[in-house]
């Protein structure tokens, strides 16, 4: 998860997050180069005497500043389209879980395990243990296997929500009357935190998500839920 004063993205826990970090670095490099060139041209303009004020035509320059931005946009767009395709790619999932957003908690349904359903509420400060994270701990965590494709079916019971876990590279809107899906494969066990990322009312800030990722062999032994 994120650390205090952290400037970079969180460590990747899924292949799609690794792709997003790579694209972020690629786009940041392009934007840094553009910013440097613009600042250099601006500094050059401010420190150079205007000796060529009578120039009315410069077709070479016009050609360059028309073609160069188009090339830069293409170089940014192609990796972006690749990542977009990967995020929408749906392979044969090993597990399907339904997540339903409410004001202001989440409901999880394990349809592959006899229709197991439970709610996940934020823990009030009075119930926190030493080492727990304020505004991020829940009473019931969603338990997921690693090294297996998991499909999350996400919807909402009332208003717009968004099921988000940054370290997994997941952010899917929960829309009333609509069932969205996202497929991911976690690569590392651990406890990972997220929050509702769509303003959904007065207690929007008190709607955390906690995913407990465990090895596939342990998960296959039977549901391991903190109920």
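If you go along the chain as it appears here, the first residue is 1 and each next one adds 1.
Keep in mind that glycine also has a Cβ here, set from the backbone N, Cα and C atoms.
Here is what Swiss-Prot says about this protein:
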BINDING   161, 196, 200, 207  Cu cation A1 binding site
BINDING   196, 198, 200, 204  Cu cation A2 binding site
BINDING   198  Mg(2+) binding site
TOPO_DOM  1-14  topological domain 'Mitochondrial intermembrane'
TOPO_DOM  46-59  topological domain 'Mitochondrial matrix'
TOPO_DOM  88-227  topological domain 'Mitochondrial intermembrane'
TRANSMEM  15-45  transmembrane segment
TRANSMEM  60-87  transmembrane segment
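Close to the recorded Cu cation A1 site, the chain also has 101, 103, 104, 160, 162, 174, 195, 197, 198, 201, 204: residues not among 161, 196, 200, 207 whose Cβ is within 8 Å of the site's Cβ mean position.
Considering other CB atoms within 10 Å as the measure, the emptiest surroundings among the binding-site residues 196, 200, 207 are those of 200. Long-range contacts of the topological domain 'Mitochondrial intermembrane' (1-14) within the same chain, counting only residues at least 6 positions beyond its ends with a Cβ under 8 Å from a Cβ of the stretch, are 20-21, 24, 166-170, 184-188, 190, 192-193, 213. Of all the binding-site residues listed here (161, 204), the one with the fewest other CB atoms within 10 A of its own CB is 204. Secondary structure of the topological domain 'Mitochondrial intermembrane' (88-227) per DSSP, as helix, strand and coil residue counts: 15 helix, 63 strand, 62 coil.
For the pair formed by residue 198 (Cu cation A2 binding site) and residue 161 (Cu cation A1 binding site), distance between Cα atoms is given as 5 Å, rounded to the nearest Å. Same-chain neighbours of the transmembrane segment (60-87): 15-16, 19-20, 22-23, 26-27, 30, 34, 169, 182, counting only residues six or more beyond its ends whose CB sits under 8 Å from a CB of the stretch. Over all protein chains present, the Cβ of residue 198 (Cu cation A2 binding site) has 18 other Cβ atoms lying within 10 Å.
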